[in-house]
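I have placed the structure first, in the form of structure tokens, so that the comments after it can refer back to it.
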């Protein structure tokens, strides 16, 4: 009886937290096997589901455990039911059915797939901002056209969408070498269509794309505003693949509902499967990315240097990669192996505008000017009191410290009484958002800036 209550409570919590599609996939498909000695054994039909349960649902297991058992329950995940002795044979048969779509068609040479071999799931750094998208991509790699079709992933530039598309394709080809896979940016798809149309070779074009097992289209927003004939051809290609249960994965810089200039019937089809977003990596994920990008370069990137870099670039991965390239160039010229904060700062200054303003404005000067403007002392700013005027002054000072200096997030936090770097990020995002909405605050901050400079 308690086990049933416990599991029902978990499902209730999960339903409140997850979207409908994520709840159906991650929660409904899971099964509680037993609770014994404060350990809940939970069956998950797919191994990639464990990451989501660990990152997003583990805490609700703890809460439900205290509610029902008055004890802390620890989850243990299994991927084969104890009584299931034929799962491997079933899986093998399923895979044969899934992937052996076109036995009479010749497989596509890897060089013609458009895939980049370097992009795999193994070297994709996972974090809170991409966990759902990664899980969905892994699910697609395991069950083509059965899990999510289409899978639509959107997010800003440099967040890993292209990496994930290639990882899906490479994973499929690793397991099923004869699968017909094609990765192509939407702009290239459009140009390919127009070339075949001009040459009168549309049958060849249709055969190329409609015989695929997996179509990976990058930056589908490029299709917006294109002529009716172009959108019509993509619509027909989409339908032909979907009707034959072939997998389609799309990426975009915005969600389907925000794709302007596209026929409504296309937008509707983009939402048939699952839509997932990727958001900028958090501080810890940026450090992990930096570690991954620098470990084989032959240089010693000190830990405080990585933290400094992670604090400087918080919008996308490409900025981090660009900074690493600049740093290694300086290191080669100077013939040094140890990468210190000073070397990193030298490289970053060359990448940022208003160089003259960088590293010359002390944080305490910012605190002083902000404090004078709002009638708040530096001591109050560094403290933890939550009075409205103090909170505003503190957040404005953190925002300006981020905008006007070259200091890392941890360094800024330290200058505000040892605040965590996440507090600085929150302050920066909050004030930046308020500036867009509140002209008075924008003018106040501009006035403070003039006094600081």
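Note that Cβ sites are derived from N, Cα and C of the backbone, with glycine treated the same way.
Feature annotation from Swiss-Prot assigns ATP binding site to 158, 160, 161, 162; the stated evidence is sequence analysis. The Cβ of residue 158 (ATP binding site) lies under 8 Å from the Cβ of 315, 316, 317, 318, 319, each of these being in the same chain and 6 or more residues away along the sequence.
Here Swiss-Prot flags 1-74 as region 'Domain I, interacts with DnaA modulators', drawing on sequence analysis. Look at the region 'Domain I, interacts with DnaA modulators' (1-74): DSSP puts its residues at 45 helix, 12 strand, 17 coil.
Taken from Swiss-Prot, the feature region 'Domain II' applies to 74-113.
Averaged over the region 'Domain III, AAA+ region' (114-331), the predicted model has a pLDDT of 90. Taken from Swiss-Prot, the feature region 'Domain III, AAA+ region' covers 114-331.
Residues annotated as region 'Domain IV, binds dsDNA' in Swiss-Prot: 332-453.
Residues 158, 160, 161, 162 make up the record's ATP site, and a Cβ search at 8 Å around their centroid adds 155, 157, 159, 163, 164, 251, 278, 316, 317 from the same chain. In sequence order, 153, 154, 155, 218, 251, 278 constitute the residues six or more apart from residue 161 (ATP binding site) in its chain with CB-CB distances below 8 Å. Counting only same-chain residues six or more apart in sequence, the Cβ atoms lying under 8 angstroms from the Cβ of residue 160 (ATP binding site) belong to 124, 130, 278, 317. Summarising the environment of residue 162 (ATP binding site), the number of other Cβ atoms within 10 Å of its Cβ, over all protein chains shown, is 18.
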